[in-house]
Ligand code: NAD
Ligand code: G6P
Ligand code: MN
């Protein structure tokens, strides 16, 4: 079998060790000859890089491993770029969450004003790494899960329409695993139908390979418990705040019992509840810095100190194995069925062609082929249209440097109550994002 050369962009990410371990766990399905980490923060990346160097020497000495901040070294001779960058890191995520909260508005990584602020930072960083990839390895594919994926995907559509970038999110994968537990099945035995935008969609069908429909049975469970199932399933999505999120799906379902909701809809449908249950001084960014970031970086330092990765604190992120499924789909033309963020072009029959939507696709060597999801009802369509317009306005504001356009984007966001609040939040975000956003006028 062919062996592949991979670069992980955002090598200093808290997810890097788990994804590397997951790739080692899948090495028979997806052989690797070269693995490189790339980050623009050399110091942060080196902590994980040094530890992974030790781990790979012990567990996979045949893989040529390195880490670098030099784009040419990183992007030369690679087949796949796995991208998970966070422009501005957790310090800026904290601002994205706390600035809106100080105005009584939801502060969230990817939704509402926080997501808009993050999007304005991410676009530049993403275009930069896409350009490196195209310059040094024109045949390379980027598997991108950097957030906010909806805005990043729209920016790719407009600014780099021919780039080989696949935008994907792990939330539907994670939620399907929970659904499979509810009905005592394995996710691989299930096929779904789904429509929406990234972090903004609905399952319309969950069937086994024989065609039995489980949606009513899952709905009954979710109406009582939300998606909260066994507590040990995955660590990232089991922190206290995530447990609350899974539970809240119960209320989302009550509003719209027709379909099974994506958990992120809670920020749009219950923003007041969310604000009342958030803290302006300790947000999700703090929870992550005190939790995942500490755990991962402490484990890395221990490996370096001891000179061995034996009994290390790095754990396999098996949840992320969909990334290998996606790479294999491209590399081996497997025609895997996966939810991807793609240009609509009729997949949702009564929705704009040029909207970036999240729908099931068949993925082969030429990329994703979206599966037709038919017409969608008025309620979901109107919500989606409002949200996708916000995402388009953000990209337009980034390109044109227009204050007015970004103010309109915030004003249109369902999460923000008025144009006045939108302006107040925006003005604070501009100050906090100095040096990250283009100058607006
Ligand atoms: P993190 O801050 O730990 O890691 C991000 C890394 O990116 C940092 O080391 C940072 O220095 C680096 N970086 C920032 N700008 C860069 C640039 N221009 N070029 C190269 N490197 C750059 O963040 P994390 O919590 O581990 O998350 C990483 C990313 O993955 C985030 O965008 C997050 O939202 C995303 N994510 C997405 C999904 C999904 O389903 N789509 C799931 C989990 C995480
Ligand atoms: C889910 C979403 C990601 C998001 C992540 C946040 O996995 O699909 O897009 O980045 O949650 O998780 P965190 O643990 O960083 O709050
Ligand atoms: Mn996501």
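Cβ from N, Cα, C; glycine included.
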Task = With 147, 284 listed by TrEMBL as binding substrate, identify the candidate in 93, 219, 337 belonging to that site.
result = 93
Inquiry  = Nearest by CA distance to residue 264 (active site, proton acceptor): which of the recorded positions is it, out of 109, 169, 170, 199?
reply    = 199
Task = Take every residue in the domain 'Glycosyl hydrolase family 4 C-terminal' (194-415), average their pLDDT values, and give the whole-number result.
result = 96
Request  = Measure from the Cβ of residue 264 (active site, proton acceptor) and count the other Cβ atoms within 10 Å, all protein chains considered.
outcome  = 22
For residue 199 (Mn(2+) binding site): intrachain residues, at least 6 apart, with Cβ closer than 8 Å = 110, 111, 148, 149, 150, 169, 171, 262, 264
Query = What recorded positions in 169, 170, 264 place CB under 6 Å from ligand 2?
reply = 169, 170
